[in-house]
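Trainee: Let me begin by handing over the structure; questions about it come next.
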Amino acid sequence: MSLDMKPKKSALHQLTKSLLRNYRKGVRPVRNWTQSTMVYIDFITQSILEVDGQNQKVTLSVWYRQIWNDEFLVWDPAEFDGINEISLSFDAIWVPDIIISEFVDVGSSPDMPYVYVNSSGTIKNYKPIQVVSACSLEIYAFPFDRQNCTLTFRSWLHTVNEVNLALWRSLEDVANDKSAFMNEGEWELITVPSRYEQLHIDTRDYAQIQFNVVIRRRPLLYVVSLLIPSLFLMIVDVMSFYLPPNSGTRITFKTSILLGYTLFRVNISNELPATAIKTPLIATRRFTSNPSRFANSTLVRLADYLLTGYKRGVRPVRDWRTPTTVSIDLMVYAILSVDEKNQVLTTYIWYRQQWKDEFLVWDPKEFDDVKQTSILTSNLWVPDILINEFVDVGKSPDIPYVYVGNDGEVRNYKPIQVVTACSLDIYNFPFDVQTCPLTFMSWLHTIKDINISLLRSPEEVMFDKSVFMNQGEWELLHVLSAYSDFSIDGNDHYAEMKFSVVIRRRPLFYTVSLLLPSIFLMVMDIVGFFLPPDSGERVSFKITLLLGYSVFLIIVSDTLPATAIGTPLIGVYFVVCMALLVISLTETILIVRLVHKQDLQPRVPEWVKYLVLERATALFCIRNKHKFGPLHPKEVDVTQYKENNINSAKLNFFCCENPKHREKPMGMALPLRENTPVVDSILHEISSIRQYLEKRDEYREIAKEWLQVGYVLDVLLFRVYLVAVLAYSITLGTLWSVWQYAE
């Protein structure tokens, strides 16, 4: 290879070396600090990856374009072999801190390490990104719902006077561009309207551009898999009214439909979702490349002044006895996850901390009246403030800059995803209120070196819900704050600021999918007592309910939260309901055993008659206690009289048919000697028949007595069962109501 072909001799190498020589990536690339950097952004939706209705977040794949002008990266193409455009490393130049305000998680995006730089200083940063953002999803109209999810792009640190935003294309082009959208999924892209606005926070104005991604669900899948099966079950239920009303088949049929619909409802619970202005093209300016291209930049000169000789590893105080006071603030943006089993809470917060750096002060008059500037965080001393309950690294956007005021005040504002340990008490699920602490402290420095204070008053922190995404499963009640100092060994004391995030679960989803099906099955079990106790339909009915409830418990077991040391009260409620169904079935079997007719049953003991038929009926006001008792004695005599007359008639008929006695009266024929064996045989047969009938009547009377006892016991046990179910339900309902409105 010749010397002319070596990399050091190439025009690209020479141009890159010339551009990055003395370049300050931590300084905003403008010569006049009062001039804002205009960042043009563009947005194209490629696909809708996931819409999480329960956690109120959406995952999108978008093509993102970001364009701005860097006044320090300009050159004359004629001096570099006609090169008009070059790619530079993303990490080597200044990049605006544009983030998405609704960001809640880091998506899986490909790494794009380069940007294009034009000879006029225009930088093009094009990259595909996966966006996981919070979205207020309204699922009431599911599966015919439309969702409107906002993606707000803004600079997290720089005000509108330093970083301004504009659209790269017109509003109409952005709204109607579906060229790259993958249109074969569950969601259909309707439009992407956008608008520019300025956000006012703490006396400062920030530029932002909001894209509204309007999508519509394609309902065909859910109509076929959810609505049509439900309609079929309802039609079959209507058709069941054509069955004979006195047939036990109708009860069995409707019970099977109820069981099937309950299982259908539980199975589909996982499928149901427990919420700018037109801008001109960028104007380019051409500057010739020369070694003094940074000379007129006030910000570069100020950065050199501040960072020359700066020691980022030394606490920035002139008197070592002076502690550095770090003022912190916290605003909860979203509750991302509550893991009851592992006792872990994942939140997304907006975190702010301020402190005084005595080495970063300057006189604004000496620097063109600059009173604040942004500097790379990696170049400064930063307090080692961390969260004591930290258990895992969250996925947070990188904010590389901090603001520094001319008086040395450093402002470090950033959104962070916090994964912390929290003692979660799930006994009151789904009406539970959780309190999770976030304790900020310096891990190394004692209170003599670093002290902590609140940036705002405790009242303002407590009731600030201005940025909270309030459409998810959890509702933010308030954020308590308390300052304290503690000592580990009795010698060194440490300062800490504890924020207690108090959240409450919204129970509607679990009430509909867990409590109501259970209540319906219990109501049907109570209604089953109105079936006749001597009917076999009651036993089959209750067995079907018990089977349905068992399957219901198996299906919902994964929905209930669990810890190693306890179970929620609703789990105990389900177990008790199961036990009540078993008791109900046992009582039904006992009553059926009592009232079922058997020829070998003994008579009802007198003490049972006294306790059940006399005392119990009077005590519990059970009416018609003789309804199923033995017949009145007169009625028995009349019946026996009729039966005797019938037997006598049969005997006369027999005698009349006998040729020997056809012409003789019956009374005269009986004393005849030759007829005595026949008459004795007839009388013996008649006596046997009468004894059989008397025995049968006796068995009937015994069966009717047991039937009466069974009916009385059935009413008695039903009332006891009903009182137990009502008392249990009222107690739990009262507890859950109190927990629901407790703070």
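Heads up, the Cβ atoms here are built off N, Cα and C, so glycines get one too.
Unlike curated records, TrEMBL annotations are generated automatically.
Okay, these came from TrEMBL:
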DOMAIN    14-219  domain 'Neurotransmitter-gated ion-channel ligand-binding'
TRANSMEM  220-243  transmembrane segment
DOMAIN    226-283  domain 'Neurotransmitter-gated ion-channel transmembrane'
DOMAIN    301-507  domain 'Neurotransmitter-gated ion-channel ligand-binding'
TRANSMEM  508-531  transmembrane segment
DOMAIN    514-731  domain 'Neurotransmitter-gated ion-channel transmembrane'
TRANSMEM  543-564  transmembrane segment
TRANSMEM  570-595  transmembrane segment
TRANSMEM  716-739  transmembrane segment
Trainee: Using a Cβ-Cβ cut-off of under 8 Å, list the residues of the same chain that are 6+ residues beyond the ends of the transmembrane segment (220-243) and lie near it.
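Mentor: Residues 142-143, 186, 249-250, 253-254, 257, 260-261, 264, 268, 271.
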Trainee: Given a Cβ distance threshold of under 8 angstroms, which distant residues of the chain, six or more beyond its ends, lie next to the transmembrane segment (716-739)?
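Mentor: Apart from its flanks, the transmembrane segment (716-739) reaches 428, 431-433, 507, 519, 522, 526, 529, 569, 573, 576, 580, 583-584, 587, 591, 612, 616, 620, 622.
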Trainee: Mean pLDDT, the domain 'Neurotransmitter-gated ion-channel ligand-binding' (301-507)?
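Mentor: Result for the domain 'Neurotransmitter-gated ion-channel ligand-binding' (301-507): average pLDDT 91.
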